[in-house]
Amino acid sequence: MPGPPATAPPPEPIERPPTPPPPPPEDSAAPPPPPDMSAPPPPPQDELPPAPEPKKKKLGWGSKRPAAAPLSVEELVRKKREADAAAAKPKFLSKKEREKIALEKRAKEVEQSRRKTSTNGASDTASVRSESATPNGVDRTASIPTGPRAMRTSEAPPPPRPRHDSSSNGNGNSNSNSNSNGTVDEDEAAAQAALVKQRYMGAEMTSSFSAKKKRKRTTDRKFNFEWNAEEDTSRDYNPLYAQRHEANFFGRGRLAGFGDDVADGVARKYAAALEDRDREAGSVRAREILEMERRRREESTRNQLDKHWSEKKLEHMRERDWRIFKEDFNIATKGGSVPNPMRSWAESGLPSRLLDLVHRVGYKDPTPIQRAAIPIAMQSRDLIGVAVTGSGKTAAFLLPLLVYIAELPRIDEFEWRKNDGPYAIVLAPTRELAQQIEIEAKKFTIPLGFTVVSIVGGHSLEEQAYSLRNGAEIIIATPGRLVDCIERRLLVLSQCCYVIMDEADRMIDLGFEEPVNKILDALPVSNEKPDSDAAENAAAMSQLHHAGGGRDTRYRQTMMYTATMPTAVERIARKYLRRPAIVTIGSAGEAVDTVEQRVELIAGEDKRKKRLGDILSSGEFRPPIIVFVNIKRNCDAIAREIKQWGFSSVTLHGSKTQEQREAALASVRNGSTDVLVATDLAGRGIDVPDVSLVVNFNMATSIESYTHRIGRTGRAGKSGVAITFLGNEDADVMYDLKQMLIKSPISRVPDELRKHEAAQQKPTRGFSKKNDESSAFGGKGGW
């Protein structure tokens, strides 16, 4: 069958001219222009628009419009792709085309602005006409802004002028003064309102930047205490802060008073005026004025904090300066009414003759113990001096002793004075230390005419009795031999009023506590100080008092010098000293900071001898060198080994006679012997100059003995080295040794000692100290 016939396309309808809309009624207003129109509509014209061209095919009134064909999806997609491709391609515009587009855009903006202006102008004109019809010519609604600030232009009329009935005259005009004041008030109010708005609501983002404004650094931790200048809201508008007064810090009428230059200028002008007015007495008065100004200026420097204590005069020293001075020299004092230390020999208060001897001997600057102890001893105070070895303690007690004796009558004035014993006694633990003190004391006593005698073991009693036949102001002795002399009636202490105990802790360690108590009990009680506050009064203790028998004497003065403070030493101090002043240099029991301490863990005699030979052969240390051992029989064995290595050596121990001891020390001091092998006998108080090395072949049995062993080097401010051979038998002192090495700034703790089990905690159980030197001090003449 044939298919259905193809449908023919419908004929196109004939378009007719559009029918004009009916005219609006007369009473209706014209509709507003559409918002999207870019230009106002053209004015109406009488002519009709031209009719469109007729189409070819026209349909009748009864025919139907054909239905619109639907759009093809493929066609829409194709058009969309073409539009996207055209938009993606860059389109080149020439300069003329770009200028044309810019001009068209600018013309549209100008036209739009003009249209808005004309529209707003019409409304403003209407509001002005309505204002004239209102009573008093004021309309409250007309002054309220009706649009954003951007729509207001200079063409808009100004707001109505306010009228004040109270200030107007009969003609209805406002007073000129009132208007000016009102304007100023309004300006200030507006400015303050703007500042308040800026403070609480924030400044405008476009105008808040200032190059001079301080910015807070997020990485800077320093707090800023200053306000920014822009944060002062009253600086420009409040008359109180409009002009700030800058403070002046110098000159007349200023914050800090007179400057030195201004004060000097005023004083000189005043002095010149006095000279011009009075030719006769004006010059004298002018000099007095200038002298007063100079004194005032010197007095003003008393409170200056920028000067060091060494640059100030003694009368200008303040409490802060003395505190800094004590910290510089590591001086600590305890006790009531303790005087300040002396800064130099000139401020010591010593007599000029004694000061000349001090400079002649070669004492340049006083040591810390001398700075603190001499002023206290000069006030007749009892004293306990705790200082490290080699700190100058000998001169610290000798110089005040000589001043004390110089005020007493000469001992050879009468025969009975010779028989009553010495004025002062100095106790030392060993013979060598006593003889060393005697040598140092004779440097001062021989020029002053005083007699010094040493009483030590090793010499016959007859020889020492012969030395005492003419009397002596000062006796230097060991405790044991002095007790022998007292018991055999060779010596009495009837007029002894000055007692010095040097190395008191060493005397207790050697078992001399009982002899020391016997000596102190043999002193007369008539010149003993009272145990009251009067013992701290320097004026009362320096005066003579009646001692009975028709004689006047001074109070007894007792001084004790030590490196450590064991319990036995404290017990003696509490019994025989009255309200003592305690001076501590550094810390009690610490080694000298100038000594480098080295510790080596070496077990066995042979290994230690080999290590000692390597040290001596290295050439690192120059003689003299001291080697300490614990057992007397090891001294000779080690000395022989040292001689085989090519070094000269001598020994010093308790089995040696006094002549052998003196000869050994003399050979080391004069440089003829390189190495001194000794026991603890030489560990206390013996001063061998320029010792570069101390070797502890055997570790000391106590940390106190170790402290005094290594104190033989690094004396008088010089540096030295101490090497210690340590073994498992020294477990009792390992903890204390480790603590001492930790405190030393120039020493290092070896890993073997740090990790050793015995060095982790202090031993709690007591151990018996073996005194290998006991046989040397026992028996007749042993002391």
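Each Cβ is built from the backbone N, Cα and C atoms, and glycine gets one as well.
Swiss-Prot lists 1-52 with the feature compositional bias 'Pro residues'.
Annotated region 'Disordered' per Swiss-Prot: 1-193 (among others), in sequence order.
Residues annotated as compositional bias 'Basic and acidic residues' in Swiss-Prot: 75-84 (among others).
Residues annotated as compositional bias 'Basic and acidic residues' in Swiss-Prot: 94-114 (among others).
What Swiss-Prot lists as compositional bias 'Polar residues' is 118-135.
According to Swiss-Prot, the feature compositional bias 'Low complexity' maps to 167-182.
Feature annotation from Swiss-Prot assigns motif 'Q motif' to 343-371. DSSP assignment over the motif 'Q motif' (343-371) gives 17 helix, 0 strand, 12 coil.
Residues annotated as domain 'Helicase ATP-binding' in Swiss-Prot, with sequence analysis given as evidence: 374-583. Looking only at the domain 'Helicase ATP-binding' (374-583), the predicted model's pLDDT averages out at 85.
The annotation ATP binding site is assigned in Swiss-Prot to Ala387, Val388, Thr389, Gly390, Ser391, Gly392, Lys393, Thr394. The Cβ neighbour count for Val388 (ATP binding site), using a 10 Å radius over every protein chain in view, is 25.
The motif 'DEAD box' annotation in Swiss-Prot covers 502-505.
Annotation source Swiss-Prot lists domain 'Helicase C-terminal' at 594-757.
Summarising the annotation, Swiss-Prot assigns region 'Disordered' to 752-783 (among others).
A count of other CB atoms within 10 A of each Cβ picks out Ala387 as the most crowded of the binding-site residues Ala387, Ser391. Sequence-distant contacts of the motif 'DEAD box' (502-505) (same chain, at least 6 residues past either end, Cβ-Cβ under 8 Å): 393-394, 397, 426-429, 433, 437, 560-566, 569, 572, 684-685, 704.
Taking the binding-site residues Gly392, Lys393, Thr394 in turn, the residue surrounded by the fewest other Cβ atoms inside 10 Å of its Cβ turns out to be Gly392.
DSSP assigns Ala387 (ATP binding site) to coil in the three-state reduction, placing it in neither a helix nor a strand. Broken down by DSSP into helix, strand and coil, the motif 'DEAD box' (502-505) contains 2 helix, 1 strand, 1 coil.
Each residue of the compositional bias 'Basic and acidic residues' (75-84) gets a DSSP state, and the totals for helix, strand and coil are 10 helix, 0 strand, 0 coil.
Look at Lys393 (ATP binding site): DSSP puts it in a helix. Per-class residue totals from DSSP over the compositional bias 'Basic and acidic residues' (94-114), listed helix then strand then coil: 20 helix, 0 strand, 1 coil.
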